[in-house]
Amino acid sequence: MTRSIQLSRRTFVFGSMAASAALGGCTTTATTQHAEIAPPKPRPVKQSLPTGLASPSELELRYAALQDGGHSIPAIPFQQMDPKYYRQRVTDPTGEPAGTVVVDTVGRFLYLVEPGGTAMRYGVGIGRDGFAWQGEGIVHWRQHWPRWKPPADMIARQPELAKYSVENGGMEPGVKNPLGARALYIFQNGQDTLYRLHGSPQWRSIGKATSSGCVRLINQDVIDLYDRVPYHARIVVHQSPLGAPQTQV
């Protein structure tokens, strides 16, 4: 399916200003400062139970190949994944208000809290930078098929990446781009936290700790999340266990 994202004039102006300095997902520039860490408020422990497992035909459709923004996203061999990391609606274990995004880095889950006591749950992979920040923030900027701009320290370790530097404009958007099909940029108190939620072509990394990046989702899942999460949505990131183990039924 082809999706077209309509941006308001305000969004376009902000995106144009931020593009030169913002990171292509969990990378930094010399002038960007980390926001102060503010641990999230503790919430009552609850258990997240699936409200209904998807049928094989539903999963085939959910993770099918698709056309998006002029790019061909391959199908995901979901049969090779742990079913708990499938995108699914569950009872909400977070206790947060509807509309809140909650990242459980320990459990490798991302929740979008819904009205009525449910949440949409996504399996995620957590990169090294995904463990670097916790607290509350907002989704201050969203990008459709973002460019990837590796930081200077990464280029120093891998000189072959210099062609994708900020000065050179970064890597072109596409299915091989490490940021995938969408990226959401997290700010706190008006400052860029350098924390990102982004897509990834590496579906095998879901549910694992990875060597780079922040919070990565399957491209089909990050597109779904992007369509559900508005600008200035609240986000809470937990670096300690969120609650009871997730039980499948």
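Every residue, even glycine, has its Cβ placed from backbone N, Cα and C.
Summarising the annotation, TrEMBL assigns active site, proton donor/acceptor to His198. In the three-state DSSP assignment, the secondary structure recorded for His198 (active site, proton donor/acceptor) is strand.
Residues or ranges marked as active site, nucleophile in TrEMBL: Cys214. Within 10 Å of the C-beta atom of Cys214 (active site, nucleophile) sit 33 other C-beta atoms, taking all shown protein chains into account.
Taken from TrEMBL, the feature domain 'L,D-TPase catalytic' applies to 99-238. Summarising model confidence by region, the domain 'L,D-TPase catalytic' (99-238) averages a pLDDT of 93.
The annotation region 'Disordered' is assigned in TrEMBL to 32-51.
Residues or ranges marked as signal peptide by TrEMBL: 1-21.
Within 10 Å of the C-beta of His198 (active site, proton donor/acceptor) there are 28 other C-beta atoms, taking all protein chains into account. Recorded residues His198 (active site, proton donor/acceptor) and Cys214 (active site, nucleophile) have their alpha carbons 8 Å apart, per Cα-Cα distance.
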